[in-house]
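Novice: There's a structure below that I have some questions on.
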Amino acid sequence: MANYFNTLPLREQLAQLAQCEFMNADEFTDGVDALKGKKLVIVGCGAQGLNQGLNLRDSGLDVSYTLRDSAISERRQSFLNASENGFTVGTYQELIPTADVVLNLTPDKQHTSVVNAIMPLMKQGSTLAYSHGFNIVEEGMQVRDDITVIMVAPKCPGSEVREEYKRGFGVPTLIAVHPENDPQGHGLAQAKAYAAGTGGHRAGVLKSSFIAEVKSDLMGEQTILCGMLQTGSILCFDKMIEKGIDAGYASKLIQYGWEVITEALKYGGVTNMLDRLSNPAKVKAFELSEELKQIMRPLYNKHQDDIIDGTFSRTMMEDWNNDDANLLKWRAETAETHFEKTPAGNVEIAEQEFFDNGILMVAMVKAGVELAFETMTAAGIIAESAYYESLHETPLIANTIARKKLFEMNRTISDTAEYGCYLYNHACLPLLQDFMQKIDTDVIGKGLGEHSNQVDNQTLIQINTALREHPVEKVGATLRGYMSAMKKIV
């Protein structure tokens, strides 16, 4: 199979990259009607598979699960997830031929083998749905001409898909129809109904393309969402230890600090995050972030270039074929980092202290969010899509670090995201070595204190203006307006 994106003419590549339209609430007045009375069969029952299935069933749809024979006979976790929640579970041969819609919610690396196994069993005129377009775009999967191919991609981990639905809300979602596979012209109606069934229509739905979703999703998860948080955790912790700060305190400041800091980001963007700092600290964080952006911009450009031309996917798939040798080695190395092995201390850290003593962390989040957004939009990805794949998801990933450090983050995200995270981390750590030599405890570990409390008014005005005028803040203000019912993470 050939990389689908690379087979397209340039104009078509650009058109699909730029495909992103925010859908109005009145476009979802039909709810799940387009899927009512149809049999939905989900392949796989991990985090996304289980939680999407629960939501779809609670929305009145007919949902069952199909798993590999071995998963059923050995009563693996996927089988227990489905059966203990009262779903019908069967083999591919038992359930796929009866399905009107097959939802492929297995891990990326299994998509080709899964689709090749189920496609001969799918009935004429049925629909194949994905929640990530990697198999179509990067692997170039060719689906039977009579089958409709759609995507519904919630922009958060599966657990949040369920929790927000139970609150009567939902999570922002991207939907798309594969232009090569919409023989009956009902792909969009079915994708909208699927999004409504998961609750996504209550938080905002972007009508996108498989290509735009994949290229932006890969970029966000490799850089700000996972790579920058892992790199920042290691660098900030090691610096505090070098400067004599208690290891337990340093561990707790990092582990829980990302979550607290990005909670402010979630509600009011980069502007609100920096507004949580004192004026002197805000100036310092802004200056540090601008320096970080200058240093890291070439790395962000390289990641985006490698994603666009398929270099990243080709490299990762070579590792798949080598039994994930690099992925597993890098995962083991991460487990041995000093930060990962140092438990959080039994010390109380007030909410504001995370900001006051984590100025560098704030600067890293700002730099990472803005760079990811700027790099994506420069590559032709529309601002709304770039926002969801940078700023919006950062608090959700930070929340996983708060639970069980980098182990939990890398366990929760996909193997695809984890592989890209390690690539970024390995390149960024040495890139920031000289920068970190200049860092002291005033910006990570202890705070500025009272010895530096003077701020030039003109400088502060310029910084505040620059923060509020950044394009990620402008599009973010609009999109957050659709998410006013968001729950607090902390």
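Keep in mind that glycine also has a Cβ here, set from the backbone N, Cα and C atoms.
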Novice: Out of Asp217, Asp238, Asp246, which one does Swiss-Prot list together with Glu389, Glu393 for Mg(2+) 2?
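Specialist: Swiss-Prot names Asp217 for this Mg(2+) 2 site.
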Novice: Swiss-Prot has Cys45, Gly46, Ala47, Gln48, Arg68, Arg76, Ser78, Asp108, Lys109, Gln110 down as binding NADP(+); which of Gly133, Gly140, Gly158 does it also list for that site?
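Specialist: Of Gly133, Gly140, Gly158, Gly158 joins Cys45, Gly46, Ala47, Gln48, Arg68, Arg76, Ser78, Asp108, Lys109, Gln110 in the NADP(+) site that Swiss-Prot records.
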Novice: Do me a favour and check the Cα-Cα span between Glu221 (Mg(2+) 1 binding site) and Glu389 (Mg(2+) 2 binding site); whole Å is fine.
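Specialist: Between the alpha carbons of Glu221 (Mg(2+) 1 binding site) and Glu389 (Mg(2+) 2 binding site) there are 7 Å.
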Novice: What does the structure give for the C-alpha distance between Gly158 (NADP(+) binding site) and Glu389 (Mg(2+) 2 binding site)? Integer Å is fine.
Specialist: 16
Novice: Which residues does Ser414 (substrate binding site) neighbour through Cβ under 8 Å, counting only same-chain ones at least six apart?
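Specialist: Within the chain, Ser414 (substrate binding site) has Cβ neighbours under 8 Å at Pro107, Asp108, His132, Glu221.
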Novice: For Cys45 (NADP(+) binding site), which residues of its chain lie six or more apart in sequence with Cβ-Cβ distance below 8 Å?
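Specialist: Listed in sequence order: Gly53, Tyr65, Leu67, Ser78, Phe79, Asn81, Ala82, Leu105.
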Novice: Given the binding-site residues Ala47, Arg68, Lys109, Glu389, which lie close to Asp217 (Mg(2+) 1 binding site), meaning Cα to Cα within 10 A?
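Specialist: Passing the 10 Å Cα cut: Glu389.
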